[in-house]
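Trainee: This is the structure, below, for whatever I ask next.
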Amino acid sequence: MMMNMNPHKFMYLSILMMSTLFSISTNSWINMWIGMEINLISFIPLMLNTANSLTSESMMKYFLIQSLSSLNFMYIILFKNLFNNWFSIHWFNNLMLIIMNLTLMMKMGAAPFHFWYPKVMKGLNWMNCFILSTWQKIIPLMILSYCMIKQLMYMTIILSTVLGSIMGLNQTNLKMIITYSSITHIGWLISANLINYNLTLIYLLNYMFLSYLLMMFFNYTNIFHLMQIFSSKMSFFMKTFILINFISLGGIPPFMGFIPKWLVINYFINNSMNFIIFIMIMMTLLNLFYYLRIFFSSMMINSFDMKWIKIKINKFYTILLMAYTSISSLIMISFIFQLI
């Protein structure tokens, strides 16, 4: 993917990564805000795609939402510097923290501020969908770990898992399925963030890896809709590859996606937060329902050859080699518990 990228987009991608690293490595609120702005400015050119008429609309929506969120974030920082004495007042300090939490939730696309997220994702190509659903969550999650209000986060966790799962049920567009699945995973990421930052990092890296495999597969095969999977002449091996990665993303043992979810479940049960984790598990089962629907429907329907399947054998086998590591999570156990 990198080798086919033009120099300008490669430059913007490099700036995007460096701005993220800059934001998560600084201890200054102003520098965090600067890093977020550089991150936004570098991602906008990556979204540009003249072949898709929805891209301009997605770019504008993304820019407006992120600009509004960054503006709120900057105002809170200025208030803190100019009216530092006011922050000693309990109710005012809580109000500013609530606004900052809501601002960061909007930047991530967490429920109930997810309204912009599906509309933006719909107009992007698969590579940009991957960046938006994974990499662009790093800065808000890191900042949120410094200032989160737990009661507000519990509400966000429940809303994100419930809305993400229910709204993904009737979707037939693969981008929308990935989008609402991503909203559900935001709930799990925030749950991991409540425990410690190491677990958040493990969950995010795990989610990034599995999402990359799926989205690059759909990119190489030029698939965007469920009906394309149903009616395409894919081999059983290719369809099994999709199944393995989807159920790993859903957190079924012994696959790779199970370990981070298990650690979150274990923590919540040990801390007597049974109601929240019950809702999260039930909603994840709904996610698994539409993951498995993709696979079983494609197996039962007679397939025939279609022109949209554009795949090069060398690229496909590269993806398959990467996919073997998602089959089992046992190789992760030896070092994960050293990080928690």
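Every residue, even glycine, has its Cβ placed from backbone N, Cα and C.
Keep in mind it's a predicted model, so treat the numbers as computed, not measured.
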Trainee: Which one of 62-83, 128-149 shows up in TrEMBL as transmembrane segment?
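Mentor: In TrEMBL, residues 62-83 carry the label transmembrane segment.
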Trainee: Among 201-220, 241-263, 275-296, which stretch has the highest count of C-beta pairs below 8 Å with the transmembrane segment (152-170)?
Mentor: 275-296
Trainee: If we skip the immediate neighbours and take only residues 6+ beyond the ends of the transmembrane segment (275-296), which ones have a Cβ under 8 Å from one of its Cβ atoms?
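Mentor: Cβ under 8 Å, 6 or more out: 154, 157-158, 161-162, 164-166, 168-169, 171, 177, 181, 184, 187-188, 191, 226, 229, 239, 242-243, 246-247, 249-252, 261, 264-265, 268-269.
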